[in-house]
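J.: Before I ask anything, here is the structure I am working with.
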Amino acid sequence: MRYLIAAMALALPTSGFAAGERISVTGEIIDTWCYYSGVMGGPDAVVGTAHHTCALWCSAGGIPVGLLGDDGQVYMVLKIEGDDGSASGDTQLSLASHQVTADGMLYERDGLKYIVVEQVVSEGITNLSHLDYDVVPPFAVPKPKN
Amino acid sequence: MRLLAAALALWGGMAAAHGTEVHSDTSGAPEGRVAAADLPKAVTPLPWDLGGPFALVDHTGAARTEAEPQGRMQLLFFGYATCPGICSAALPLMAEMAEGLSERGVEVVPVMVTIDPKLDTVDTMGPALAEYSPRIVGLTGTEEALQVAYDAYRVEFEHLFDDPEHGPIYSHGAHIYLLSGAGEVLTLLPPVLPAEQAVAIVSRYAGEG
């Protein structure tokens, strides 16, 4: 077991961009907490403008943002342009729940895809509302008083 | 905007959206989670240096470096014990991972390095972290000693405001780092993963799957 760990540690050199793959991804900047945990409902319920405010809350609270590609893959964002963090930076907040096309470097580890976004080529608001998804989350609906 | 959004998040949003009541219903979580044996063997190197030596003090007052005294793997996170934001998601996940891994015969120690040594002292960290799990080791130290650890892990944080209930509120980074017993960084884990997926990842580094 020790040999395996040592071998894997050595397989994780931590300098240089050479091993990353340059990609362009089109999709939505998502709130990964609500997407993965399911606390607000299924994946369709935690995307778009209907989830914008919650996405701001989660990002500002430290939840790493993700890029849900049109290919269905979630790319965990390590940084976007000038903002070094994975969450709560001005760029991460201003892009929350927006559709973007992003150019950057892909790093795959442990079955997860990570992206360092070097440039957001285009972005726009996802114009969906609670009329599409009903009230999200369902427990936010006030219970009728007898 | 950053301050306003962060204030909204940490004051009300995280508490409401990430409270224990909400955590219990994960029926909407995506399916198709990855088991240890299904994980791709290849890993792409990260694009920057991560990790390095540090010398701090744990919540019992004992000296502690990046090496785990008994050689166990470690889950390393930077936060503060009373954080109502991301720590309230990451620390329970780390505790759940440690328990799940222990059941599989893999001993992993969750470690939190404070970003506020005035708040998290030897006297205060233990009880605060024990509310999440008695397994979690808290590390604090002088500002100079802590800065060494922050620099090693590219940790950035910002004091936002003081909340009447929670005290100082910070904006800070959020990844969990898996370290070997010697303190080498093996990989990183987003704190949003389902516990079973995170356990599967760590299990593979422990030689399973």
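Cβ atoms here come from the backbone N, Cα and C positions, even for glycine.
Take a look at what TrEMBL says about it:
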type     : residues                   : note
BINDING  : B:Cys83, B:Cys87, B:His172 : Cu cation binding site
DISULFID : B:Cys83-B:Cys87            : disulfide bond
SIGNAL   : B:1-19                     : signal peptide
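Could you give the neighbours, burial and distances for every feature on this list?
T.: In this structure, B:Cys83 (Cu cation binding site) belongs to neither helix nor strand by DSSP; it is coil.
If you draw a 10 Å sphere around the CB of B:Cys83 (Cu cation binding site), it holds 29 other CB atoms from the protein chains shown.
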J.: Measuring CB to CB from B:Cys87 (Cu cation binding site), give everything in the same chain under 8 Å that is also at least six residues away in sequence.
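T.: Correct list: B:Phe77, B:Gly79, B:Tyr80, B:Ala81, B:Met112.
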